[in-house]
Amino acid sequence: GVIPCGESCVFIPCISSVVGCSCKNKVCYRN
């Protein structure tokens, strides 16, 4: 939840969720 994955999740889910990223405040974060 602290490291930005460089991906937004406004319209689509985080593709980077496969590496542990999750959506928070319309941006994908890791940890």
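All positions are counted from 1 along the displayed chain.
Cβ coordinates come from backbone N, Cα and C, glycine included.
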Open item on the list: Which residue in the list Cys21, Cys23 does Swiss-Prot annotate as forming a disulfide bond with Cys5?
Closed with: Cys21
- [ ] Please list residues from the chain of Cys14 (disulfide bond) whose Cβ is under 8 angstroms from its Cβ, counting only those at least six apart in sequence.
- [x] Cys5, Glu7, Cys21, Ser22, Cys23, Cys28
Task: Those residues of the chain, 6+ apart, with a Cβ under 8 Å from that of Cys9 (disulfide bond) - done: Cys23, Lys26, Val27, Cys28
- [ ] Look up Cys28 (disulfide bond) in the DSSP assignment and report helix, strand or coil.
- [x] strand
